[in-house]
Amino acid sequence: MYLPEAFQKKMKAILGEEYDDFLAGFEKPRHYGLRVNTAKITVEEFKELVPFHLTQIPWVENGFYYEEEDAPTRHPYYYAGLYYIQEPSAMTTASRLPVGPGERVLDLCAAPGGKATELGAKLFGEGLLVANDISASRVKALLKNIEVMGIPNSFLLNEVPAKIAEQFPAYFDKILVDAPCSGEGMFRKNPEAARVWSEEKPPECAKMQREIVKQAISMLKPGGMMIYSTCTFSPEENEQIIAWVLREFPEMQLIPMKGYEGFSEGRPDLADGNPELKKCVRIWPHHMDGEGHFVALMQKSRTPEMDDVSPEKSSAYTSEADEEPSDHDDIKKKKKKAKKGRKDQKERNEAAGCTRQERTVLESFFADVRAEVDWKRIEVRKGFAYYLPEGVEGKKNLVFVRNGLYLGEIRKDRFEPSQAFAMVLQKKEFASSIDFSAEDERVIRYLKGETVDVSDLECGKEKGWQLVCVDGYPLGWGKLVNGTLKNKYLSGWRMKVNG
Ligand SMILES: C[S@@+](CC[C@H](N)C(=O)[O-])C[C@H]1O[C@@H](n2cnc3c(N)ncnc32)[C@H](O)[C@@H]1O
């Protein structure tokens, strides 16, 4: 494969004796990965359910290699948001940022959402996920992925980091910066990246990365954690950025992250020699089954007042051991905790954000919804109903693409629930559902937008709105009339007819 000469020279200098192994790696096949969406299904349940040949990615608990011929993007479970297709090394970043329900989390360079969707899943619907990207077109993909994965409590922005920083000073418990970079680690996966690479790219990107990181630090709470990653090898964008942070922001310290035998230490010799830089992680494709990556986990010093607070009282103090769901039981505990939080916060006051008439229409639909609803968080704008996240009240002058969950549209005296609303529900949370088995050919026809005969299937109500599921996992809406399911699957999300 083509590799620019200047790149080869640089890598030879960095890798020395290992260079030939590194080069040989470019001829090996790439690896395909999927990440289980633990907000919807546990890893154990997933392994029992799916028909694919999966192999555990050894350093990511909910990550698996899959075989290309299994084509998981064609399966209905993909449409149900049970997993996200992600390059295995790219899973590392979000997996090493300890996030738990109730926290305020920011992903500053989030599109298309590979990492933001994992952070959102770890919140289990409690707390706030602010996900931003500077690119308007890429933010659209981010929105879709957040919706498919069923993350209700998000605020999606299309802004420059400095504008966000004005509104959120020292606000977030956790921040992820997956910086725009020269992409050297993705040359094998994306040969085009090698063709557009030039020697000027790394220093140019480094300039941009310093600006983004500076803004991120200003938005981090004392005691909060920031994780920085790139998919490139160049020291200017990796160790040298972190060395700069350590010099310029004495309140920031590098902290070790959960290890793996294939990880390599950061290289102080490629920056200013600070031995702390060994706490960074380099992922070399010739050492592991994944593409090139760099990850650094940092923490902002606590203020003296915070030292009076016991660890249980402050989410920012929580250690990784406490936070990482290590198995099935931990995930269940977290879900329980999130549910309790919802109950504690719930006050059934009047919805501030809608008229009495709108409320009546919504209430008639919500009579069939068995999830907790905090009416204070419902807002209707020009007939469109939203469920607002907590924590972004009064944030002004920001370009956003979505504030919270889009619930649906009020059309006179009817409510049309949205696709995104279906994706945050569990089957048991709606009064009536049509549940297809994944083998039933009607599920594909439903996903292609067809009307289907379901007279042989059981459902809670003989007519009206149905939550359409595959093996118990919601896919979207349908409306039942005389045994026929009218298709309400969002047209833009449909499976391609010839696909
Ligand atoms: C490596 S990609 C992010 C990938 C994403 N985290 C994921 O896992 O799917 C970097 C992103 O940064 C965005 N970006 C570039 N400059 C930015 C800036 N100044 N502020 C915020 N985002 C920026 C790009 O549009 C791009 O989507």
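Cβ atoms here come from the backbone N, Cα and C positions, even for glycine.
Per TrEMBL, S-adenosyl-L-methionine is bound by C109, A110, A111, P112, G113, G114, K115, D133; the candidate from D20, D21, D178 named for the same site is D178. Here the CA atom of C231 (active site, nucleophile) lies 13 Å from the CA atom of K115 (S-adenosyl-L-methionine binding site).
In sequence order, T93, D107, C109, A110, K115, S229, T230 make up the list of same-chain residues 6 or more apart from D178 (S-adenosyl-L-methionine binding site) whose Cβ falls under 8 Å from its Cβ. D178 (S-adenosyl-L-methionine binding site) falls within a strand segment according to DSSP.
When the recorded positions C109, K115, C231 are compared by the number of other CB atoms within 10 angstroms of each CB, C109 has the fewest. Ranking the binding-site residues A111, G113 by C-beta neighbours within 10 Å puts G113 at the top. With respect to their backbone Cα atoms, C231 (active site, nucleophile) and A111 (S-adenosyl-L-methionine binding site) stand 14 Å from each other.
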